[in-house]
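These notes are about the structure you will find just below.
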Amino acid sequence: MPLLFKKIKDLRNFLKNKRCEGKEIGFVPTMGYLHEGHRQLIKLARMQNDIVVVSIFVNPTQFGEGEDYDRYPRDLERDLEICEEEGVDVVFAPEVDEIYPKGYRTKVCVGELGKVLEGEFRPGHFDGVATIVVKLFNIVQPNRAYFGEKDYQQLKIIEQVVEDLNIPVEIVPVPIVREEDGLAYSSRNVYLSPEERESALSIYKSFLLAEKMIKAGERDAKRIKEAIRAFIERHPHVKGVDYVEITDQNLNPKETVEKGDRILVAVRVGNARLIDNWKVQS
């Protein structure tokens, strides 16, 4: 079983000793309810580091009013079992008041990149993400940290924060992991009924449709985005498409689509809000 730490002080003491022994530390920050996508992050961390630390913390500051903080799935026992299966050395699962004690005041503001796409629909979300990630980097002080490309905007923002604040950690991006039918793994998939899940597959199918259009010579981003939106919206349990955007790899919007660009979507299906993205292959 991995060592479980709840207190910053105890974790720091343990890791300080490991660093003194010359051990390299890989870090996977999560909100728990681990799935196959997390396993891939952990596997890569395990291959590249002497010590693997996984944090499990549902961070309240990245949830807005009326979002799913209270109902976000939690199961520490199951998470610990998965961590054990994947050879994790340390799990850090603090309480909220350990991370944000009474009187906590400071936050990281990420600027323009945090106001578009997800940021438009979840104001302040990325400031909350950046704040907790910087805190965790300061607590763990890892050599490398692992982030999935499924949360592509989050990944780009963390890269920006690390660069801008001179944080000495290597950010390692890990490709999206999909279920057999193409649905991207997400802790929020648990909210979907079987029928809703069927409708959620329209996201992946819309990427294949876009890829087909691009392969056939369509390069107009507006037309491709319209086709994606129309395809997803005609599925029965889709309550709305928050956005469909096509950007370069640094999230600058594109008018003409090229290989390597990103298609990013956010879709509300039943009670779940799902985000996904696709790297243009053609």
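The backbone N, Cα and C atoms fix where each Cβ goes, and this holds for glycine too.
Annotated features, as they stand in Swiss-Prot:
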type	residues	note
ACT_SITE	H38	active site, proton donor
BINDING	31-38, 148-151, V177, 185-188	ATP binding site
BINDING	Q62, Q154	(R)-pantoate binding site
BINDING	Q62	beta-alanine binding site
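Features recorded in Swiss-Prot, as mapped to the structure shown.
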residue : record                    : Cβ neighbours (10 Å)
M31     : ATP binding site          : 17
L34     : ATP binding site          : 26
G37     : ATP binding site          : 23
H38     : active site, proton donor : 26
Q62     : (R)-pantoate binding site : 21
E149    : ATP binding site          : 18
Q154    : (R)-pantoate binding site : 21
V177    : ATP binding site          : 18
S187    : ATP binding site          : 19
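According to its DSSP assignment, Q62 ((R)-pantoate binding site) is helical. The closest partner of V177 (ATP binding site) among the recorded positions, by CA position, is H38; the full candidate set was H38, Q62, Q154. Nearest Cα neighbour of S187 (ATP binding site) among the listed recorded positions (H38, Q62, Q154): H38. In three-state terms derived from DSSP, E149 (ATP binding site) belongs to a helical segment. In this structure, the C-alpha atom of G37 (ATP binding site) lies 20 angstrom from that of Q62 ((R)-pantoate binding site).
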